[in-house]
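Student: Before I ask anything, here is the structure I am working with.
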């Protein structure tokens, strides 16, 4: 897809407002009833027997009054019943639950999965505010940079895969080659990568996406289980005072952390009009911290057409090199040519000592648009070097020609000829030999005739894995609904509407 493509705009569904039609019908009925009633009263008043003081006229007036009282009471009761009924409640835009309900993880419009509840909630808020899947994904990634510094951050390297249901094109966000700012310190590219993705495909204003992440950094956020566990394992060396108590012990579950210098960087980046300027909002104060000069040449994230592989059931999209996408395509081609896909159990998504620590998220809408993002700072808390003036932890990724084996997102469109075809998105974080694990999981999906219909109240499938690492996220578009298909057991909260 051409990187100069303009912003994507999705059609907004017209909300059904129950009760409007019923109230109009009732007003017409009231007019029909009222008109003959007035005419009949006039006839009574004009009759010869209806004279003042005459007994027949008095009875006629009494009868007319009782009739008017009965009709008025009937109309009032009907109106009260209409207001109390679901159709008469104009404040509700959703059909009654008894008519149209879904199991957890199925949504009419959009859904988001991320490793942190706060960031999934932020993504949902952006979707409800009129944003698209790119807005929600980029906003959630910026949020994770604040609340999950052990796995991602502005110092991370980002890969992404975006499918545009309006055009049918798929685009990859690719990281430039890893470059070192200093020995053991990777050059940060997170801000320019996310700004680039949003500039081409987002809908909401760029500053809007940074408002809540900056507020979380400034006013504080609760330490969740993944961050608390990482702090307990890592210790506090190089992480104080941001992630330590006053006595030097690491913050635990539920403790409140703040990062005001990171908030200042985010607010500065919100004013940037280009990916380059967004990157300099962090890089300029960072090199001052380290006493370095700005590097003359910097890696530039880019948007490229996704790799494609035609399959018997549709087409596969994934990221190009130096991610693990080309290895995934090669494995699928050789496997499909050598045997029929089977539903044999796949080995667990294992994490080894050499597996880079990473963070993944997925956003999807009911039209079929989908964004998968994965980022890494290599080790837990990256280099462990906390920049004093920016509050950012730099990665310790090494400059190497070897592919990023941890980056292997994929999207499968089931049927090229069907405009409402099912879509499957898969992204995994912190896995060893990601291409092999993803290949096995995809082959099992291809061996299934169709997306299984789960019971009405069954939650999404929970896969084994440590929260945030060795974790597979699956999102599906089926029957014009966004589905959260699979999440790791006990973590990766999802939201939608």
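Here the Cβ of each residue, glycine as well, is placed from N, Cα and C on the backbone.
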Student: So one of 164, 247 should carry the feature N-linked glycosylation site according to Swiss-Prot; which one?
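Tutor: The candidate carrying the N-linked glycosylation site note in Swiss-Prot is 164.
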Student: Can you say which of 10-30, 31-51, 52-72 is given as transmembrane segment in Swiss-Prot?
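Tutor: Matching range for transmembrane segment: 52-72.
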Student: Which range is it, out of 1-34, 103-136, that shows up in Swiss-Prot as region 'Disordered'?
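Tutor: Based on what Swiss-Prot states, region 'Disordered' spans 1-34.
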Student: Taking DSSP three-state, what's residue 367 (N-linked glycosylation site) in: helix, strand or coil?
Tutor: coil
Student: Please report the number of other Cβ atoms within 10 Å of the Cβ of residue 378 (N-linked glycosylation site).
Tutor: 22
Student: Here are the glycosylation sites: 164, 169, 367. Which has the lowest count of other Cβ atoms within 10 Å?
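Tutor: Output over glycosylation sites 164, 169, 367: least Cβ neighbours within 10 Å is 169.
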